[in-house]
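Here is what TrEMBL says about this protein:
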type     : residues  : note
TRANSMEM : A:26-47   : transmembrane segment
DOMAIN   : A:29-88   : domain 'V-ATPase proteolipid subunit C-like'
TRANSMEM : A:68-90   : transmembrane segment
TRANSMEM : A:110-132 : transmembrane segment
DOMAIN   : A:119-177 : domain 'V-ATPase proteolipid subunit C-like'
TRANSMEM : A:153-177 : transmembrane segment
Amino acid sequence: MSDVCTSPFCNAGWGELLSHMSPYGFANFGIAFGLGFSVVGAAWGIWLTGSSLVGAAVKAPRIRSKNLISVIFCEATAIYGVIMAIILANKIKKPDEESYQLPENWDFPGFYYAGYGMFSAGLSVGLTNIASGVSVGIAGSSCALADAQDASLFVKILIVEIFASALGIFGIIVGIIESNACNFPIAALDNGN
Amino acid sequence: MDVGKLVAVIGDEDTVSGFLLAGVGHRTADSTNFLIVKTDTKLQQVEEAFLNFSQRDDVGIILINQHIANDIRHVLKDYTQTIPTVLEIPSKEHPYDPEQDYIMQRVNMYLGGGN
Amino acid sequence: MSEVPPTRMNQQVFKGKKKAAESGHKLLKKKADALKVKFRDYAKMIAETKGTMSTDATTAFFSLTQAEYAAGNFKQKVAEGTLTARVRVGAGIDNVAGVKLPVFTIYETGGPADNQSLGLIGGGKKVVQVRERFTVFLSQLIKLASLQTSFVTLDEAMKVTNRRVNALENVTIPKIQNVLDYIDRELDELEREDFTRLKLVQGKKEEVTVNVSDATNKMSKLDINQDKDITATFDAQDDEDVVF
Amino acid sequence: MSTPKGPHGGLSDFNIHHGFIEALIRGMRCSFLKDADYHHITQCENLEDVKLNLSETDYADAVADMTVLTPSDLQAAAIKKLVTEFKYVRTQAVEPLATFLDFITYEYMIENIMLLLKGALSGRDINELLAQCHPLGMFKDSTMRSIPTFEPNAKGFADLYQTVLVDTPVGPYFAMFLQESSNAMGGEVRNVIEEVEIEIIKSSLIKYWIEDFTQYVEKLGGETAEIMGDLLKVRADTNAINITLNSFGTPLNEPAMRASDRKRLYPAVGHLYPSGTSMLTDVATEEELGRVLSLFPQYASIWGVHAAGSDKSIDDAFYERDVMSLELAFESQMHFGVFYAYVKLKEQEIRNLVWITECILQAQKDEINKFVPVFSFHAPWRASASKAR
C-alpha cells in the first residue's frame, strides 16, 4: 500500500461501500437472497430426494406416490421463500414525493433500519431454507430408501423430515418478526410536531 | 513307467474332481485317464473313451458313473475282459441303484436263489 | 462202444478209467463245493461292500459340496495343470481252490499331491477333507473291484468246474459204465460159448471113445448083449443135459 | 464439523451423481431371500418344491424356464441374474463410481485369466474354457473375440499373453507378478506360468488387486474410504490368515518358502499389516498361528471357532463375520461400499442356495441349516445384540 488514496471521492473501504448503498437496494437484495436461496435449497433437496426416490422405486414401485411427500416438504422451503419475498416486497415503499434528494428531515435511521432489516430478514430466511432444504432432501432420500425396504419405517423417518422442515419455519418466523419493525419512511418527518 | 496300474474315471464333474483330488489323475502329453461327462458331451465320446481305457494296458480299474454306464450299456454288455475291471459307482445326483448293476443282479440272484 | 474189442485187457483198462473218472468226479465235486462256498462269501461281501460304498459315496460327495461352499467353484481347476497319478493299483493274485483270482491293492506312489494349494484363500481345510473322503471311497472301490473281478472269475471257474462235474457224472462215467457192461456181457457170452463148445467137444470125445471101445468090444467079443449093456450105461437123462 | 468428503461427494452432494444408482442397489436389497423363504426352502423334500418356492421370490424369472432344477443350473441362473443386475448398475454409473464398480469385477477377471492361461497351456479347447469363465469377470467384447483366435500351443499362448491379456485391466497385476517371480526364477513368462501353481498365482494377483483397490478407495476418501476401506482390510486379513492356515502341510510351509513365497502372498494392507503379517511369516503350526491371532481380538474369536474343533469350520466363521460387516455397510448411506457389499452378499446367497439344493439332492437333512443367511434376523450378532438390549 504505497500510494494511499487521499481524494475525497476515493473509496475508503467496505464500510463506506456498505453504508453508501441505498437501503432500497439492501431491501431488494434481501428479497432476492431470501427467494433465491430458498429455491436453491428446495431444488437441492428435491434433487437429493428425487434421485433416491426414483432409484428405490425401480424395485419397490409402491413407494413412489407416498414418498412424493418428501418432495413436497422440499418444495415447502421454496414456498417459505416465496411467502417471505412477497411480505418483504410489500414492505418496500417508495417516498410519496419524488425528488432527487431526500429532504433534511427524512427519517434516516428508520430508513436504514428498514433496509438492513429487510436484507437480513431475507438472508436469514434464505440461508435457513438452504439448510432446511438440504436436510429435508437427505432425510427424504433416506426415507425413500428405508420405505423401499420396510414400509413401517416411512412414518418414523417422515417425523425426522418434519423436524428438518421445521428449520425453515424457524427462519421464516424470525424473518417475519425481523421485518415487522422495518417500515420504509414515505415522507419527511414532521419537524416540531 | 511306474509300477502299478492306473484307475481311469468316466463321470460327471463332481465325481471326476473328487477322484482327481484323491490323486488318481494322470495326464501325459497325449492322453489323460479321465473323462468329464457334461450334459453336452456326446455319447460317442463316452464310448470312445471307454473303449480306449479298456484297451490300455496301464489301466487296472475303470470307474464309471452308473447313469453314464446306463447310457453306454450296449458297449458294457459286450465287454468281457476281466482286467481292466469296470466298476459302476453312484454319482451325486443319482444315488446308487443296485437293480441296475449287472454284478449286483448276479449277486442278488445268487444270494436270493441260494437262500 | 462197439469199437472197443471186448477183451479182458480192455475190461481192465476201462475199469481203471472208471475208477479214475469217479475219483476225478469226487475231487471236482469237492472243488465245486469249495468254489461255491467262496463264491457265496464273495457275493455276500460284494453285497455288503456295495452297501457301504453307497454311504461312502454319499459322504464323499457331500464333502465336495462342503468344500465348494467354503472354497467357491474350484472344480474346474482340479483338472488343470500337470497331473501324475499318486494312487495306483497293484495287481496281485490270490489262489482259491486252484483258481487264480486277480486282487487289486491300493498303492500310493508317495509323490506330492497335485494342485496342493487349492483353496489357499479359503476352504483349504475342506478341500483336504475332500481328498481324504475320496481316498477312503477309492480304497473301498478298489476293494470292491478285487471282489468283483474275483466274483466274475470265480463264476467262470465255477461254471467250468460244474460243467466238468456234470460231464463226468452224466456223460463220461455212464459211457465207461456202458462200455464195461458191454465188455462184461460179451465176455459172459464168450464164456458160455466156450462152455458149450467144451461140452460138445467132450461129448464128441466120449462118443469117439465109446465108438472105439465098441469097435474093440465088437472086435473082441462081438456080443449083442454086451451092446445092450453099453447103452444102459448111458443114461438117457444124462444125455438130455447136453441137448440144447 | 464437516462430513468427510471425497471426489464422489459427501452427505449433501453424493446424490447428485450417484443418488439414483445407490437407491437402485438399495432397492435391490429387497430381493434378498428372507428368513421365511429360507425356512420354506429348507423344508422342501425335493428340488421340484424348491423350484416352486423360488418362483415366489425374486428368482422367479431365473427358475421359470428350467424344466428340472439342478444345483449347478440354479447356480448358473442366479449368477446370470446377478450379472444382469450388476451390468445394469454399471451402465448407469458415472465416475468415480464406474471405476469402483470395475474394480469389483477385476477379482473375477483374475480368476478368468488364470483359467484361460492354465487351460490353454494344457491344451484345452479355448471355447470350452470361455464357457467356464465367470460372467462377471468377462473382458471387453473385442478381447473376448480375439482370445479364441490364438492357437492352443506354446507360441499362441505367448502371443495371447503379450498382445491381449496385458491390455486387460488386470494386466498390470499380472506384469507385477511376473516381474516379481522372474526375478526369483529368472525364467520367461511361460515358465513362470507353467511352474507356479495356479492358486499361488491367483493369490498373488488377488493380493495386488486388494492393495490397488484399497489405494483407490483411500483416494476416494470420505465414507467410502472408511467403510469400504474396512471391508478390504478385513478381506486382506482373511486372506492372510487363510493362506497361512491352508499352507500347513504343503510346500509353502517349508521354512525356506515361508519367508520367500508365503510372505509374498500377504497383502500389504489390513489390520494385521505390518506387525501381524510379519509374525505370520514365522508361523509353522496351527498352535503358533493361534498364538499370533490371540493378539488381535477381532480374529481371536474366529480362531476360537476353529480351535474348538466344532463342526463349524473357520470358513463358516469368516463367512459369518463377512456377512455381518457387509450388512453393516448397508447401514450407512452415501458411500460406495454398498455396491461391493451387494455383490458379495448376493454371492453368499447363491452359495446358500446351492448348499440347500445340494443338501436336498443328497438327502443330507441334518446339514441343511449350516449356511449363513443374508439379512437374517436370526444372525448370531443380531440375536445377541437384541438380547443385550
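Any Cβ shown, glycine's included, is placed from N, Cα and C.
A TrEMBL annotation is a machine prediction, not a hand-curated record.
Residues 27, 30-31, 34-39, 41-43, 45-46, 49-50, 53, 118, 121-122, 125-126, 129, 132-133, 136-137, 139-141, 143-144, 158, 161-162, 164-165, 168-169, 171-172, 175-176, 179 of the same chain lie 6+ residues outside the transmembrane segment (A:68-90) yet bring a C-beta within less than 8 angstroms of a C-beta in it.
Through the fold, the transmembrane segment (A:153-177) approaches residues 34, 38, 41, 63, 66-67, 69-70, 73, 76-77, 80, 83-84, 87, 121-122, 124-125, 127-129, 131-133, 135-136, 138-140, 142-143, 146-147 of its own chain, all at least 6 residues removed from its boundaries and within a Cβ separation under 8 Å.
Non-local neighbours of the transmembrane segment (A:26-47) in the same chain are 71, 73-78, 80-82, 84-85, 88-89, 91-92, 114-116, 118-123, 125-127, 129-137, 140, 168, 175, 182, 184; each lies 6+ residues outside the stretch with a CB under 8 Å from one of its CB atoms. Counting residues of the domain 'V-ATPase proteolipid subunit C-like' (A:119-177) by DSSP class, helix then strand then coil, yields 56 helix, 0 strand, 3 coil. Confidence for the domain 'V-ATPase proteolipid subunit C-like' (A:29-88), expressed as mean pLDDT, is 91. Residue counts for the domain 'V-ATPase proteolipid subunit C-like' (A:29-88) under DSSP, helix first, then strand, then coil, are 56 helix, 0 strand, 4 coil.
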